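A.B. asks: A single structure is presented below for examination.
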Amino acid sequence: MTTQLPAYVAILLFYVSRASCQDTFTAAVYEHAAILPNATLTPVSREEALALMNRNLDILEGAITSAADQGAHIIVTPEDAIYGWNFNRDSLYPYLEDIPDPEVNWIPCNNRNRFGQTPVQERLSCLAKNNSIYVVANIGDKKPCDTSDPQCPPDGRYQYNTDVVFDSQGKLVARYHKQNLFMGENQFNVPKEPEIVTFNTTFGSFGIFTCFDILFHDPAVTLVKDFHVDTIVFPTAWMNVLPHLSAVEFHSAWAMGMRVNFLASNIHYPSKKMTGSGIYAPNSSRAFHYDMKTEEGKLLLSQLDSHPSHSAVVNWTSYASSIEALSSGNKEFKGTVFFDEFTFVKLTGVAGNYTVCQKDLCCHLSYKMSENIPNEVYALGAFDGLHTVEGRYYLQICTLLKCKTTNLNTCGDSAETASTRFEMFSLSGTFGTQYVFPEVLLSENQLAPGEFQVSTDGRLFSLKPTSGPVLTVTLFGRLYEKDWASNASSGLTAQARIIMLIVIAPIVCSLSW
């Protein structure tokens with residue numbers, strides 16, 4: 001015979017559990033200037049590898065301690081923060097540890113060597129325990145295999161780019177193997193199936209993924225759509241790509257588009273355009289850092305709602321499909337944005353209404369500039385196609401952007417500064433997806449928190465005049481279901497393919513990704 005829990009006991013337990021939960025929490029992210037290994041593909045000894053990792057951990061320890069002293073409940077550190085990059089499979093191996101499944105119920109700080117030599121995990125565990133703070137870190141996992149596994153690599157092991165989470169008692173509570181490896185990241189293996197990793201705290205439910213994962217459906221969208229996490233923790237080593245994929249720009253837009261908190265911790269390496277960390281709420285950025293001028297790390301802290309209220313679902317095509325095309329009479333022209341061919345129309349005058357279309361996507365813009373600055377040109381652009389450079393992903397993008405120069409051929413080139421402020425803007429598009437990420441980026445890679453919002457009918461519009469000159473106002477849409485559709489044509493031009501080999505390949509080789 002089964003027994004049921006008395007109703008009054010169940011109700012009591014419910015209220016006790018609610019009382020033990022926090023409505024808000026303090027989050028920290030640390031942008032780390034990693035100490036890198038020597039540029040050699042010859043494996044070093046385990047002792048040399050540990051020496052380098054401990055130098056980086058010494059710096060991370062300072063950030064973790066400082067965050068805890070300021071009341072942080074959780075801190076996120078970057079991808080590659082502990083050992084850097086410049087590896088092949090063999091040269092990475094001395095830096096790896098066997099990271100067990102968190103179900104083993106293990107506090108490495110209390111039970112050393114339970115799973116072999118694991119000094120990095122032990123140190124991270126002790127940092128979490130001794131400071132009573134959740135610690136999110138990125139390290140490398142190794143898993144032996146043999147011929148009984150038909151997918152076993154020739155060297156007899158799997159190597160994974162891995163995120164780990166230790167709770168405030170030092171317990172290993174999450175392990176995530178990166179699914180979407182960046183081009184050239186061949187020192188690692190892809191897990192056989194995408195891993196959906198969550199962990200629960202008294203200040204909300206969390207999901208975790210890494211860097212390039214953010215551009216794909218799994219695990220990123222699944223964590224929010226199906227597992228309903230409150231907050232994403234995001235270790236990354238992100239190279240900024242303007243105009244649409246600057247770290248602070250895109251990560252804050254993803255938080256707003258998916259309506260979750262987002263804790264992004266980036267490597268600080270300005271010579272490779274790697275900077276940009278932030279703490280983002282669904283309605284606005286709370287703290288962010290972008291610094292191309294110094295070589296120093298940066299700790300950010302901010303308070304967030306543990307369970308952010310979910311705003312109304314946006315119908316991204318509602319407004320745009322209800323209005324007629326806003327004919328400007330201006331001639332359309334083509335321009336390349338990160339190797340994709342956009343259709344543009346030049347903005348003329350201090351105010352106006354414009355429409356530009358490509359394939360199934362029509363973009364509508366209404367705007368008013370604070371003043372017309374003669375040596376600056378802005379354009380409205382549309383792209384509806386498959387991006388195939390460093391990855392394969394289908395995009396629909398509506399963008400108002402500053403051209404690099406007054407030459408229209410530079411519309412879409414990377415522009416980092418501007419002088420034109422806008423009194424108002426309203427941007428919308430006939431998107432074929434519910435996954436649209438709203439971006440507003442000001443001059444010198446600054447965000448505009450509290451200056452814009454998205455309406456339920458799909459308009460990205462200003463709430464006040466911009467506080468700084470505008471680089472871009474963008475609706476960045478992803479059609480995940482078309483990433484591998486046979487009829488999806490690439491937006492990459494033949495000229496862009498040549499440029500890709502010239503520009504992208506050396507960067508990848510220099511990072512050994």
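Every residue gets a Cβ built from N, Cα and C, even glycine.
Here the structure is a predicted model, which means the values were calculated and not measured.
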A.B. asks: Annotation N-linked glycosylation site per Swiss-Prot: which of the candidates N283, N487 has it?
C.D. replies: N283
A.B. asks: Could you check what DSSP calls N353 (N-linked glycosylation site) once collapsed to helix, strand or coil?
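C.D. replies: Assignment for N353 (N-linked glycosylation site) reads strand.
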A.B. asks: So, in DSSP terms, is N283 (N-linked glycosylation site) helix, strand, or coil?
C.D. replies: coil
A.B. asks: Taking the Cβ of N283 (N-linked glycosylation site) as centre, how many other Cβ atoms lie within 10 Å?
C.D. replies: 17
A.B. asks: With DSSP assignments reduced to helix, strand and coil, which class does C211 (active site, nucleophile) get?
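C.D. replies: Reduced to three states, the DSSP call for C211 (active site, nucleophile) is helix.
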A.B. asks: Using a 10 Å cut-off, grab the number of neighbouring Cβ atoms around the Cβ of N315 (N-linked glycosylation site), all chains included.
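C.D. replies: Excluding its own Cβ, the number within 10 Å is 15.
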